[in-house]
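The next block holds one structure in the form of C-alpha cells; read it before the comments.
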C-alpha cells in the first residue's frame, strides 16, 4: 500500500511588516506599510492592522496614505528580510529534507513519511509553528494536503497564524466551499469571463464540462480550471529543473503589464538570487525566466552562457530572455527567475581563469557588500538601482 502524500505550504504572515514590528516593538498592533515612499511608490507588504483600512500589496502609496493616514510607512530592508527568511528556512530542514522555497516568505515541505518522527500532520504542523515562533519571533500559516496546489490554497484559509488541513478525499468538498476569488490562479479577468458566461460559483464550474470551460477561457486555462476545482493539480508547483538550482518567484495580487514595473520586479528577483548565490558559495551559467499570464498560461525560456557574475549581469540576461518571450499583450500574474546547473564556486585563486579582471572586481565588490550586510544586519551598502527603488518602486 502506497504511503499517503503529505505536503505543507508554509507562508510567513505579512512578512516584511512583521519583521519591522519584531525589530521595532513600538510598531506592534499598529498599521505598518512597507513600500516605496515617493509618489510613484507602491505597497510591498502591509500588516494586518493596515489591511483593516483596505490597504493591500501593489497599491499605490498615495492611495494607501489616503486610506490609512495613521499608518507607519517604511522603506523595505531586503537584506534584513533575507536574514529572517533564512532563519525560517533553516528550521524547515529540521522537519524534512525535501523543501521547495518558492519565494522569500513561503515554501513547500514534503512531509510524506514524517509521521514516524513527528506524529500526525496536525501535530507536526503545530510543532513547526511553535518552533518558528520561539526561534524567530515570526508567525506562519500552514496549509496541509495531499498535493501542493490544495496546500497552497489551504494556507490562506486561516490567516494569520493559522493551520488548515484538507484530508485525503476531502479535496472536492474543500474546493466547492471556496469563493471563486479564492481559487488560486483565477484572476479578475478570468472571473469576469466566467461570470459573463453564467458561472458564478465553484460548484457551477465543477458541474461544467472541460469543453465548455475551454470554450470560455481557452484550452490551457479551461483545462487548468477543470482540474483545479477537482483538486487534481499535482504538477503546478513541481520542480522545473532536475539539476540543482536556485530560484525565486513572485505572484502578484494585481497583474503587471508595464515594462517599468516588470523591470523593477525582475531586478529585485535578481538581487534576491545573487544574495543566495553568495550565501551558498555557488555559481551557475544557466539563467531561466518563468512567466505566468493572468489566464494561467505558463511559459519559460532559458539560456546558458558565462558564469553569472553579479546582480546587474543576472538582471540584464534575465531581462533579455523575458522580452524575447513576453507576448506584450497579456497581463502577468507571476514572474520567476532561476539559476540552474548550480555547482560549488571555484577557489579564489582560479577565479581569473573564468572571469575578466573587470568582472572579478565587480563580483568581489558585490560579495563584500553581501558580507558586510550579513555581518551588520542592516543596509550598509546596496546597488544604486535598489536605492532608487527604495524611493520609487516595489520593495
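Along the chain as shown, the residues are counted starting at 1.
Backbone N, Cα and C define each Cβ position, glycine as well.
Annotated features, as they stand in Swiss-Prot:
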- 106: active site (ACT_SITE)
- 11, 105: Mg(2+) binding site (BINDING)
- 7-187: domain 'UmuC' (DOMAIN)
- 16: site 'Substrate discrimination' (SITE)
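If you take the C-beta of residue 106 (active site) and look for same-chain residues 6 or more apart in sequence within under 8 angstroms, you find 9, 10, 11, 12, 155. Around the Cβ of residue 105 (Mg(2+) binding site), 23 further Cβ atoms fall within 10 Å across all displayed protein chains. Taking all protein chains in view, 28 other C-beta atoms sit within 10 angstroms of the C-beta of residue 16 (site 'Substrate discrimination'). Mean pLDDT for the domain 'UmuC' (7-187) in the predicted structure: 93. Residue 105 (Mg(2+) binding site) and residue 16 (site 'Substrate discrimination') have their C-alpha atoms 9 Å apart, to the nearest angstrom. The Cβ neighbour count for residue 11 (Mg(2+) binding site), using a 10 Å radius over every protein chain in view, is 21. In this structure, residue 16 (site 'Substrate discrimination') is part of a helix by DSSP.
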